[in-house]
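J.: Supplied in structure tokens, the structure appears directly below.
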């Protein structure tokens, strides 16, 4: 079991570091949004590129932040019953939820999005807006990236719960 524990710790470390990095992206996005508003209403000028960049930042923040949200327990769950469960009961719910719902969903998203994203990358899909970001394929690439990140953290959470069930400690 020490190998599984090390794997869980490694995935947690990667997720934690990427989540902390994404927090800075949220600040950058807020500052850019402020700049766009000042440019538009203060100087009567705008930038399609800057507006699309906010969209890209927003998508990146949410798509790549899902794994960090899972790790930190920030996802929505029905706590009416869950909060009253013992550590072992919670471990059962988390392990079964991971195996039955989360891991298959992540695999499904990765597989289903693959052709959509690879076609976008192959053609070098660009923005339809004049002056927009000429890399829509990067935005679409976030779909399988989200699925893979969430899958890895889902595996870590499922293994952590399994270790609680097997070893009896949290």
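Every residue gets a Cβ built from N, Cα and C, even glycine.
Below are the features listed in TrEMBL for this protein:
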- 29-161: domain 'Tripartite ATP-independent periplasmic transporters DctQ component' (DOMAIN)
- 21-41: transmembrane segment (TRANSMEM)
- 53-70: transmembrane segment (TRANSMEM)
- 91-114: transmembrane segment (TRANSMEM)
- 134-152: transmembrane segment (TRANSMEM)
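Give me the structural setting of these features: burial, nearby parts and distances.
T.: For the transmembrane segment (53-70), the residues of the chain that approach it from at least six positions outside its boundaries are 15-16, 18-19, 22, 25-26, 28-29, 32-33, 36, 133, 138-139, 142-143, 145-146, 149-150, 152-154, 157, judged by C-beta separation under 8 angstroms.
Outside the transmembrane segment (91-114) by six or more residues, the chain places 82, 85, 140, 143-144, 146-148, 150-151, 154-155, 157-158, 160-162, 164-165, 170 with a CB less than 8 A from a CB of the stretch.
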